[in-house]
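Notes for the one structure printed next.
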Amino acid sequence: MVLLLVILIPVLVSSAGTSAHYEMLGTCRMVCDPYGGTKAPSTAATPDRGLMQSLPTFIQGPKGEAGRPGKAGPRGPPGEPGPPGPMGPPGEKGEPGRQGLPGPPGAPGLNAAGAISAATYSTVPKIAFYAGLKRQHEGYEVLKFDDVVTNLGNHYDPTTGKFTCSIPGIYFFTYHVLMRGGDGTSMWADLCKNNQVRASAIAQDADQNYDYASNSVVLHLEPGDEVYIKLDGGKAHGGNNNKYSTFSGFIIYAD
């Protein structure tokens, strides 16, 4: 019997827990009536109701590992064109192009003696004139050089004093007008093309009765252009057949 108590007492003590703290180990009540009586409420074994209500229903754990990459989304719309890029380096030299067509024949060259051949002269139109002034002119009027010496092509009209172009090209003109003075005045003579002054000359009467006004021009003319000499004040001397005042011109080459 004693041996049985020795074996049961430790087992009963461990199973009773904290609810049997008021019992004395080894008593007859502990052994004979372990379940008798009313158990006192245990404050240690009963949790606080307010504390249980304040606790969260779950506790957040540590951050997990990164997941696997997802699948690629659909292709987006094209973006706006970007600005032009910098100029690249020069490329390699290309292949030579095809040979062009033959050009027109050139002008005749010089002959063995170094002179211009007769064929060259035949390609230039024969246009030239030279005329002198017979009568006196004064004031503001076109000088009519009526003493005609040369008029190749008949492009100069002595009745109007004007040269009229019929072949476009480069022309040379020169004029010399003698002033009739003696009264202390001056004379101005202008070379005009279609009412526009292209050259001017002046003669002044200082201590002498006569003085010259002269000038020269090279002009490009179109068909219908007119060239003439006009007084812009003063008196021009005409010398019968002496040709003190003259007007001349010729074509250099046609277009």
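Glycine is treated like the rest: Cβ placed from N, Cα and C.
The signal peptide annotation in Swiss-Prot covers 1-20. The feature region 'Disordered' is assigned by Swiss-Prot to 39-109. Per Swiss-Prot, the feature domain 'Collagen-like' maps to 61-111. Taken from Swiss-Prot, the feature compositional bias 'Pro residues' covers 75-89. Taken from Swiss-Prot, the feature domain 'C1q' covers 122-255.
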Provide the three-state DSSP residue tally for the domain 'Collagen-like' (61-111): helix first, then strand, then coil. 0 helix, 1 strand, 50 coil
Over the domain 'Collagen-like' (61-111), work out the mean pLDDT and round it to an integer. 82
